[in-house]
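Taken from TrEMBL, the feature transmembrane segment applies to 38-62, 74-93, 105-130, 151-172, 192-214, 235-255, 275-296, 308-330, 336-358, 374-393, 405-426.
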Amino acid sequence: MSVLGAGTLLAVWAAPQITSLYQSDSPANHEAFQLTVVFARFLLPQIFFYGLFSILGQVLSARDKFGAMMWTPVLNNVVLISMFGVYLGMMTVPDSVQDITQTQVTLLGAGTTLALAIQALALIPFARAAGFRFRPRFDWRGTGLGKSISAARWTLLFVLTNLVASTVVTRYASAADTALPKGGVGFSAHTYAQTIWSLPQSVIAVSLVTALLPRMSRAVAEHRLDDMRDDLSRALRISGVVIVPAAFFFVALGPEMAQVIFAHGAADSASIVPLGQMLQAFGLGLIPFSAQYMLLRGFYAFEDTRTPFWMAVWISTANIALATACHLLMPPRWAVTGLAGAYAASYAIGLLVTALLLRRRLEGRLDGKRLCRTYGKLTASALAAGTLGWFVARSCSNTVTSTTWAAALGLAAGGLTVFLVFVLLARILKISELRSLPGLR
């Protein structure tokens, strides 16, 4: 915790330098740069609270206590919703950077960090109830810190590797903003699209891994590799029931979803079109992204953090190379959509390499035949469902003149079609994992 606290203080102090990695401080945007630095100093303390939440969450998971880690984010959301309610009710929306007041900045920045602090601190009573006690220790010999520091070193390098790729992509997306400032094709659109795209992964895959990782780690410690392999295979197959159709949903209905969510206020329908296309470009990448995330947990069950670092190097290198090609070869209108596709493709490469290495670690057995059979059936069902959903959405959209209502009708009708057709075909193809999902523990 002391290292986490010191790192957080260092990050807050270095807020201008960190901001300059993503945004240049030029005379034309000096005020925007300074505002970003102020927000960074409000938000960077979240590093400590994210770390605290993760540490306490892992302590509870190791004791097979999963409930608190699942519901404490609700407290975060309650505080955030309340804060945004106050913001919208008491203040006007600024038209430019110069119109943003210090009160607005403080409310948004401090309120967001406060919400996360409450989420993290709420785990302390549950950790104590599970038998965990906070006791400062200075006799560090024999505590296993040497092994922990070695693991943390590779994890830190893993994070830094991903950060390098993220910084490059951010720079390229910001360049599109500069070229077409009102085109809706830059960094903000890319961030919104990626956030929506990652939601299925956050809900299903992360929840599964949180519950299964302690069990897989115990299986490895007791040399029960078959049990560990079965748990990992089951997690991949069950998560695929949600992840695969969600990926095709984004491809089929990404534009409608973007219109319904974002085409309000100052954002018109035309400026939201690129965001919907970014959702489509991200789309199918959700499948390798989620599967690679799951497979990495297989290495963590072996207490191996070195291999995930090298996986991050492979993925980040591919992402940077493909993103650079998009930045140099594509016009600004399409460059950031290309960045989304590059991200998806890089994880497809990463999944292949990760699967090969983990298969070797598991003595040549990864339950590959059953996984390929299940994902083949899921892909066939989702492809048919997505295609029909796309046709239904287009047909419904043509019956309404209002762009907003056309998108809403198309999303509702197309989404319902995707769901019903996928479930029907999954049952016909006897995908047994479909029945396992509602009873997930």
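Every residue, even glycine, has its Cβ placed from backbone N, Cα and C.
Here the transmembrane segment (105-130) sits apart from the transmembrane segment (235-255); fewer than 3 CB pairs are under 8 Å, leaving out pairs fewer than 6 apart in sequence.
Scored on C-beta pairs under 8 angstroms, the neighbour of the transmembrane segment (336-358) with the top count among 38-62, 275-296, 308-330 is 275-296.
Within the chain, the transmembrane segment (38-62) has long-range Cβ neighbours (under 8 A, six or more residues past its boundaries) at 1, 4-5, 7-8, 11-12, 15, 18-19, 68-69, 72, 105-106, 108-110, 112-113, 116-117, 119-121, 123-124, 126-127, 130, 132, 210-211, 213-214. Looking at which of 192-214, 275-296, 308-330 has the most CB pairs under 8 Å to the transmembrane segment (151-172), the answer is the stretch 308-330. Note on the transmembrane segment (275-296): residues 184, 189-190, 192-194, 196-198, 200-201, 205, 208-209, 232, 235-236, 239-240, 243-244, 246-248, 250-251, 254-259, 262, 308, 311, 315, 336-338, 340-341, 343-345, 347-348, 350-351, 354-355, 358, 375 of its chain, located 6 or more positions outside it, place their CB under 8 angstroms from a CB of the stretch.
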